[in-house]
Amino acid sequence: MTLAKNQKSSLSRLYKKVSSKRSESSRNLEDESRTSSNSSGSSSLNVNELRTVFDYMDANSDGKISGEELQSCVSLLGGALSSREVEEVVKTSDVDGDGFIDFEEFLKLMEGEDGSDEERRKELKEAFGMYVMEGEEFITAASLRRTLSRLGESCTVDACKVMIRGFDQNDDGVLSFDEFVLMMR
């Protein structure tokens, strides 16, 4: 696994972990603000969630993530970054050259503006391929059930149809790669 991939996946896991630990009251406040806001509401909700993750990582609350703070958070997730790797992560993410990752730099990193969009798309293509039956170009309820079964999850075809329906934008009963990408966001 490359350093960029390791960095991105560790930060993504941290993002999910911290986001899932938000209190119910925070969720209710966000739901209310999302309901009352315009179309940019979903975007600002994402920024709010990223702010929560950033604040969690910024242990000393100085508005910046240091190499030590980054290393500590990755360690909490069961990952490991050497001092050299941490230095490289900070160096590649640190646009203003102050030796830290500020919130704007963190946003760019998490939104894929660090040049890793192609890598992310390639990873998603590989994951998509796991769910697709040979010779097909989409995920069907049967192929989803088969893959989930191989992963130890039992699920009926009808339940898989319901899962697919949630992300099937053109109502054709299957998931295309683009629909899969939306689902994985």
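These residue numbers are counts, starting from 1, taken along the chain as shown.
Every residue gets a Cβ built from N, Cα and C, even glycine.
Here Swiss-Prot flags 1-45 as region 'Disordered'.
The compositional bias 'Polar residues' feature in Swiss-Prot is assigned to 1-12.
The feature compositional bias 'Basic and acidic residues' is assigned by Swiss-Prot to 21-34.
For 45-80, the entry in Swiss-Prot reads domain 'EF-hand 1'.
Residues or ranges marked as Ca(2+) 1 binding site in Swiss-Prot: Asp58, Asn60, Asp62, Lys64, Glu69. Long-range Cβ neighbours of Lys64 (Ca(2+) 1 binding site) (same chain, at least 6 residues apart, Cβ-Cβ under 8 Å): Asp58, Asp98, Phe100, Ile101, Asp102.
Residues or ranges marked as Ca(2+) 2 binding site in Swiss-Prot: Asp94, Asp96, Asp98, Glu105.
Look at Swiss-Prot and you will find 119-154 tagged as domain 'EF-hand 3', backed by sequence analysis.
Here the domain 'EF-hand 4' (155-185) returns a mean pLDDT of 90 for the predicted model. Taken from Swiss-Prot, the feature domain 'EF-hand 4' applies to 155-185, supported by sequence analysis.
Swiss-Prot lists Asp168, Asn170, Asp172, Glu179 with the feature Ca(2+) 3 binding site, giving sequence analysis as the kind of evidence. Long-range Cβ contacts of Glu179 (Ca(2+) 3 binding site) within its own chain (separation 6+, distance under 8 Å): Phe167, Asp168, Gln169, Asn170. According to its DSSP assignment, Glu179 (Ca(2+) 3 binding site) is helical.
A coil conformation is recorded for Asp172 (Ca(2+) 3 binding site) in the three-state DSSP classification, outside any helix or strand. Annotated Ca(2+) 2 site Asp94, Asp96, Asp98, Glu105; additional same-chain residues within 8 Å of its Cβ mean position, judged by their own Cβ, are Lys64, Ser93, Val95, Gly97, Gly99, Phe100, Ile101, Asp102.
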